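Notes to accompany the following structure.
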Amino acid sequence: MSEVANSTSPVQDGADANGAQINTNVPAASGDAPTPTTAAQQAHQNSASLYVGELDPSVTEAMLFELFSSIGQVASIRVCRDAVTRRSLGYAYVNYNSSEDGEKALEELNYTVIKGKPCRIMWSQRDPALRKTGQGNVFIKNLDHAIDNKALHDTFAAFGNILSCKVAQDELGNSKGYGFVHYETAEAANNAIKHVNGMLLNEKKVFVGHHIPKKERMSKFEEMKANFTNIYVKNIDLDVTDEDFRELFEKHGDITSASIARDDQGKSRGFGFVNYIRHEAAAVAVDHLNDIEFKGQKLYVGRAQKKHEREEELRKQYEAARLEKQSKYQGVNLYIKNLNDDVDDEKLRDMFTPFGTITSAKVILRDEEKKDEEEKEVKEEKKEDEKKEDEEAKEGSSSEQNGEDTKAGDKVTIKGEKKILGKSKGFGFVCFSNPDEATKAVTEMNQKMIEGKPLYVALAQRKDVRKNQLEATIQARNQLRMQQQQQQQFGGIPQMFIAPGQQPMMYPPGARGQMPFPAGMPGAQGGRGAGFPGGMPGQQGGRGGPNAQQMPPMYMPPGMAPGAFPPGPYMNQQYMQLAQAAQQAMGGRGGRGGPMPGMPGMPQAQIAGGPGIRGGQGGFPQGGRGAPGGRGQPPMPGFPQGGRPGGPGVDMSVLSAAAPGQQKQMLGEALYPKIHEMQPELAGKITGMLLEMDNSELINLTADESALRAKVDEAMSVYDEYVKNKEGDGEKEAPKEESKEEKA
């Protein structure tokens, strides 16, 4: 909220809430200037913060400013929004510079219709303890649906100052028949309950009482459930009379009432209620009479429940059944799409039978047309057929065509009669008996060509899970797009693919077409003519060190931060080769030869065995791709080019269970080694470009070498065009610089 809103003091009581404030500023005895605390208190007295609720989600700050500025000078307005989606939460805060303006806005603008919804205005209460006390809060039920917030406020305003008034509404804005009135004092609430409870409002008798928090209501409700006296009986024979019904339950205790529900004609509806005096008698009746046969019917006898309690119990049962079903089919139900139109349930079952026992196989069909529409079309078509037959009879043509079958989409006409057949939607589901069979089917059948079309096979997911994943994917793409826009400000290089454990790459300003270097590698000591910032740990920059824009990137093994040294086999072979290559790359004309000093975690004997640093201009060419004659370092022998030991593969079961961000990382690890074989110099850039595609297409690229090569060639053409454009811009800028030098 704004500074004015933050400086607004909490409303302590009703007098302050309505702007009637007491001047507590006592003049200082000395002539000293007022302290900052005194000035802040004076500022608080001249400001007012209002809470504006029940707002439409489309209401903006500008709309509220236009409304509230008509009262007085507005200091600030803020519509509260969700931190992630930025959608309005339906309420806002309006801050005035004076409490008089706030009081005037509360009186004149309360319940003003904004975007078709009446707003609700009250003083902002910052202390949550005071907001949640509930003192003076009144609950009203059995309200007529014509009573709105304004009418309820006008009705109860006669008994005291109202802080807030609200009628509960559904999604469509219709009254739910109950509401709340929050008074400034408990005395006003008691006065309203005394005079209005049991009175008629719009010809309906209303109940008015103190609002009881839900927690207290639930505790009382549980106590009532434990000491019930009213029981519900169903499956009663229609011939049972009230006397027979009463005699059956009087055997177990004294009852106050026993009745069978009947319709308007007096016929039994098959259920009734019995109310006992004591809870013990009701409990005995439930235990002894439940599931017994009475007049040929097995009775159900149980505690009587209210409607909301039954609905809650049914909801819990449904949720439990849903969770049980979800756990039952977890990992065994497969989703298959890209099916041909002629594939039915039997063909789908035959496709997946070799992988295990199938409990169900279903191809989803399009919904059949409504019967009334079908009947109309059939009648119209019959009329058209009759006209055609009459014309053909007149022309003397044969009627052999009437018996032929003509197919048009999902409509089949046979001898003038039309039948609506469901057409395949192109996807279906197959459920196996155990997860191992399902995993095997996904591995073998995904991307397999069936009748010229590659199948997509994956574990089935619920709609809400897919929706959440889609939202996460969209959010990740938006973040990626923002990162790319930021990178374009520093040279516009496409995003690099970062292997596991590496830090993001940083592009120096003006380094067009060059490979980036890892940012923030600790330990580099800057010297005269120092090498790239963030160099190898402990390495000192020499006079002849290469500039930062020519330094090749340092690829670190997976799971290892830059500047650290790997354990195990990397220490002896692969990492030594990486260290030696870095030594050679950092050599300058004036650099010293010899081993690298002070590398932590490595014996000096191993370091000394490497070649000394020789002078030279190592680096990558600045024009785009690394030329064959360049001094860039080739891939290290013995170290996997994919950035991890062995060739990475894609496990479909693991991939489908991973988060969207992890799925992209796994697919990138699988594609990077293959792209590196085709284009070693630009493998990272190309992988980053391809990862913007959908996961289904990326999975296809991991299995189809020709498709991957085509995508790589396409990416290379885009990159070459980008480099040419950058070089053209540089050539255009060069003559201007030369002309400036000539003038100088």
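Heads up, the Cβ atoms here are built off N, Cα and C, so glycines get one too.
As recorded in Swiss-Prot, the features of this protein are as follows:
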type     : residues : note
COMPBIAS : 1-11     : compositional bias 'Polar residues'
COMPBIAS : 33-42    : compositional bias 'Low complexity'
DOMAIN   : 48-126   : domain 'RRM 1'
DOMAIN   : 136-213  : domain 'RRM 2'
DOMAIN   : 229-306  : domain 'RRM 3'
DOMAIN   : 332-462  : domain 'RRM 4'
DOMAIN   : 647-724  : domain 'PABC'
REGION   : 1-42     : region 'Disordered'
REGION   : 368-411  : region 'Disordered'
REGION   : 527-550  : region 'Disordered'
REGION   : 607-651  : region 'Disordered'
REGION   : 723-744  : region 'Disordered'
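Taking the domain 'RRM 2' (136-213) as a whole, pLDDT averages 90 in the prediction. Break the domain 'PABC' (647-724) down by DSSP state and the numbers are 62 helix, 0 strand, 16 coil. Helix, strand and coil counts from DSSP across the domain 'RRM 1' (48-126) read 18 helix, 31 strand, 30 coil.
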